[in-house]
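TrEMBL annotations:
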TRANSMEM  12-33  transmembrane segment
TRANSMEM  109-128  transmembrane segment
TRANSMEM  140-157  transmembrane segment
TRANSMEM  229-246  transmembrane segment
TRANSMEM  261-279  transmembrane segment
TRANSMEM  291-311  transmembrane segment
TRANSMEM  375-400  transmembrane segment
Amino acid sequence: MAENQLVHPPLVTYLSMIALLTLAPPFVILMWYTNVHADGSVLQTFNYLRENGLQGLIDIWPRPSAVAGKIIICYALFEAALQLLLPGKTVQGPISPTGHRPVYKANGMAAYVVTLITYLSLWWFGIFNPTIVYDHLGEILSTLNFGSLIFCLFLYIKGHVAPSSTDHGSSGNIIIDFYWGMELYPRIGKHFDIKVFTNCRFGMISWGVLPITYCIKQYEEYGSLSDSMLVNTILTLVYVTKFFWWEAGYWNTMDIAHDRAGFYICWGCLVWLPCIYTSPGMYLVKQPVNLGLQLAIYILVAGVLCVYINYDCDRQRQEFRRTNGKCLVWGKAPSKIVASYTTTTGETKTSLLLTSGWWGLARHFHYVPEILASFFWSVPALFNHFIPYFYVIYLTVLLFDRAKRDDDRCKSKYGKYWKLYCEKVPYRVIPGIY
């Protein structure tokens, strides 16, 4: 628990928590409103709020509706069913500080493909028109907003009353517990992992479904699909497909292995992700941009290259860990540091820290292609408005903060070995700069 509070001074952490708890939910609604009703103009939304104040926000806040509720429940149940029923090979997560090792069923790729095929088939055969999702998006986000806060409350209570594993605990402060979460690996029953559901299935799959929704909406609205929308959607789908291809690797990352299931992760994946992460596409629905073939292809190739490099960074480290360092990195034997550390139970264990290949460039170099990829799927909107770039800016702040949190965690875990590692790989994210 403490690891989440060490990075910034306690007061800063506390204030930022309060700020996010109070400002993030209305921000999601404003993002939707700006893209859908204010022509993507931040200024227009700002002026509206300046004139009408809080009442103005209440007036534009869509009321949760039955249609929205039905869409969310059908989608959530469908994803939960796929998560439980689809076959997949058994994968073990990393050993937690208390010695617990979660076991997963890796069927994310199957769930993702089945979802997209089902969604497109429902549209193709005239059973369900995805434009309904776009037309009711405000209500859906509003319903998700309130529903997810209730869900986080359920997680908070569950963490107190019926934790799923030894990895749980309270900080003694209700706000911190609600925000960061009580449990690392909450489950319902033995097999239904809540974080896999919120992060991977509900959140990440919506990131594939919504861009397709935006395409269909634009096509039905204008009778054609703009090349900017196509580039945005293809790059987004390439990225999300890469995510599911590598899903078992994601279970070793900070999101799953260190951040507990609270408002920060769960509300984030249920509400913030579907709205903010898909916002460039949401913007393009009503503000189609014509790039021309040449520019469209340049952006597409650059974006795909970034997603590939991001994937290759993760693959390189995973392969290095899997083979215990007995593999080739960029055609030669990897350079590494053997670091020992002590678990909370007092056992001494060793880890290998990779210091060559992509990981020799910077300690978190893989964030660079990730940020660039998000730029390339936002840039089809060109530069008429600021809002399509909000996600890129947000992602940059998020990943730089995560790099700092991860470094601080590793410093306290590995001690002198980490210092040695930092001497070998001096840059945190951007080689030569930071």
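Note that the numbers count up from 1, one per residue, in the order the chain is shown.
Including glycine, each Cβ sits where the backbone N, Cα and C put it.
Within the same chain, residues 227-228, 230-231, 234-235, 238-239, 242, 245-246, 358, 366, 369-370, 372-373, 376-377, 379-380, 382 sit at least 6 positions outside the transmembrane segment (291-311) and bring their C-beta atoms closer than 8 Å to a C-beta of that stretch. In this chain, the transmembrane segment (261-279) does not touch the transmembrane segment (109-128); fewer than three CB pairs sit within less than 8 A of each other, excluding pairs fewer than 6 residues apart.
For the transmembrane segment (229-246), the partner stretch with the most Cβ pairs below 8 Å, chosen from 12-33, 140-157, 375-400, is 375-400. Below 8 angstroms of C-beta separation, residues 25, 28-29, 32, 61-65, 68-69, 71-72, 133, 177-178, 181-183, 186, 194, 261-263, 266-267, 270-271, 274-275 of the same chain, each at least six residues beyond the ends of the transmembrane segment (140-157), sit close to that stretch.
A Cβ distance under 8 Å defines the sequence-distant neighbours of the transmembrane segment (12-33), meaning residues of its chain 6+ beyond its ends; these are 4-5, 45, 49, 57, 60-62, 137-138, 141-142, 145, 149, 175-176, 178-179, 263-264, 267, 271-272, 275-276, 279, 282, 387, 390.
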